[in-house]
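**Q** Dumping the structure here so I can ask a few things about it.
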Amino acid sequence: QVGNYKRTVKRIDDGHRLCNDLMNCIHERARIEKGYAQQLTEWAKRWKQLVEKGPQYGTVERAWCAFMSEAEKVSELHLEVKGSLMNEDFEKIKNWQKEAFHKQMMGGFKETKEAEDGFRKAQKPWAKKLKEVEAAKKAYHAACKEEKLAVSRETNSKADPALNPEQLKKLQDKVERSKQDVLKTKEKYEKSLKELDNATPQYMENMEQVFEQCQQFEEKRLRFFREVLLEVQKHLDLSNVASYKNIYRELEQNIKTADAVEDLRWFRANQGPGMSMNWPQFEEWSADLNRTLSRREKKKASDGVTLTGINQTGEQVSQPNKHSSSLSVQSNTVQSVQSSYNPFEDEEDTGSTVSEKEDNKIKNVSSYERNQSYPTDWSDEESNNPFSSTDANGDTNPFDEDTSPAMEVRVRALYDYEGQEQDELSFKAGDELTKMENEDEQGWCKGRLDNGQVGLYPANYVEPIQ
């Protein structure tokens, strides 16, 4: 039918739009692949740090960390998928679209105009004859209507005695002319219809030829889309990638290598009865005795209280050494006080301030580190606190145990240090640990490594982490 070829022509424009839709579809999937890969990497990095700093040890720790290694490897594969989608599939569609559709200066595509011109040229002769047939049919139908009206008037005039013979004769002539017009228009209508029928086969052939060209163009697009979708499927299907299968095969092997007996044996040898012990032995006095004092001797060395850096006016005196202004108490339950801390401040205010600092320092640690309370070093000594009793006036001592809540500070090692005694820590430059007690007069601090080990270390070997 005339004009119905426009649906076929519109399909060419739809093909160009579908190329854009397919490219947008692939682009969105590529962004999803990239986002998933980034999330896997961030998850693996965060949990690997938490597991390594946590209390898990041995083969089970390695099996746990294998999950983070799996995530990192899978992340790399998904980044490769993203690259394949954008660098291969997306670009392939873009280049094919550019080659298949050519834009015109006046708008539209060259392929669309060629198809529309081909259909219009093939349909023009037949459409012209169809128009003639419609006009002949209209004329024939109008003549038939006039003939019927003339016959009806003539029949009615015969029954009317008022009409004279001359008027009756005019009506009869009108009927005769109407019959002749009907014959003429009918003949012309039949002739134009016959010509249209004769032109129809050629018209169908010409139209089908142009239509077939459009079909071939559309077939290329459909086959190309099928080819691209198959390539996208191959890029997305990681189950057929050998390295992807190896990732989970390796993960399974790492998990199966976890051995509870081996881990218990290691813990017994390193943290239990099997660990090496430095039993007390007779030691001669030496010049570097201060550096090699044991924990008990260090505690005995401070046999009282030393207050420095406080003048009578209450103003703080500047000290050349930030550790020189301190409070030393013999009891292990009383913490050393830094120069910036006023021991005469209100107990409640001090406690709340320290609690806020502690809260800020544990935001980014694992659940184990947040909930674990580490015991202090073992000691069988009980020292008499000179401040534990009230004075003669009955006033309480502001240096009681409850007035100084413990405050832990994260520090970083500046140098390597190898512990000389059983109660000393060993660490490398750059390692991080937690300072549990402030520096004493011998220059030693008490701290805890991330593996839970508690001990002493030289105060000038570390610096606070900002």
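Positions of Cβ are set from backbone N, Cα and C atoms, glycine also.
Automated prediction, rather than curation, is the source of TrEMBL annotations.
These figures come from a predicted structure and were not determined experimentally.
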**Q** Please find, within the list 110-129, 150-169, 430-449, the residue stretch that TrEMBL describes as region 'Disordered'.
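**A** In TrEMBL, the region 'Disordered' feature sits at 150-169.
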**Q** Treating G and I as helix alongside H, and B as strand alongside E, what does DSSP give for the domain 'SH3' (406-466) in helix, strand and coil?
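**A** Taking each residue of the domain 'SH3' (406-466) in turn, the totals are 3 helix, 28 strand, 30 coil.
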**Q** Mind looking up the mean pLDDT for the domain 'SH3' (406-466) in the predicted model?
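**A** Mean pLDDT for the domain 'SH3' (406-466): 89.
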